[in-house]
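This report concerns only the one structure given below.
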């Protein structure tokens, strides 16, 4: 099929455009991703940040949410008017956030699988003899007896239930062998 007739010009680079400013403005205008899923799902793009947060029962400015009382004006206390409470249209967001905050935090610190296997191997083969563990061929990092003892203590502290089950199984195996 023949090509359509007409002028085909190559695109020229726009030297007069400030690319740095263009990218900066594009980044500013792009709305950031809201990490909290509860807030993200309740967010209304047509409203401002202050309006969205007020609908959810959240405060934009913590200083305005809980104002400090001035101590000088004690005689005028009778005339003080309280600000009307803002209407919370989306209370489920606040309830979800409170429920999530009340959950216990998960422990993020764990030991590597290699270290767990190393400790189990050493205790299985040598029991409490740390000098023999230091001379073992599986002691790749040439740990001293004290370093090995510390690694075993760390394992005991991180996984007390697993350690108890492991030592019980070792005792049971020892009884069966004898």
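Note that Cβ sites are derived from N, Cα and C of the backbone, with glycine treated the same way.
Taken from Swiss-Prot, the feature phosphothreonine applies to 8, 144, supported by similarity to another entry. Sequence annotations record features per position, and here Swiss-Prot assigns SUMO2 cross-link to 74 based on similarity to another entry. Feature annotation from Swiss-Prot assigns N6-acetyllysine to 90.
Taking CA atoms as the reference points, residue 8 (phosphothreonine) and residue 90 (N6-acetyllysine) are 56 Å apart. Taking only the Cα positions, the spacing between residue 90 (N6-acetyllysine) and residue 144 (phosphothreonine) is 61 angstrom. Most Cβ neighbours within 10 Å, among the modified residues 8, 144: 144 holds that distinction in the structure as shown. Residue 90 (N6-acetyllysine): 20 other CB atoms within 10 A of its CB, across all protein chains.
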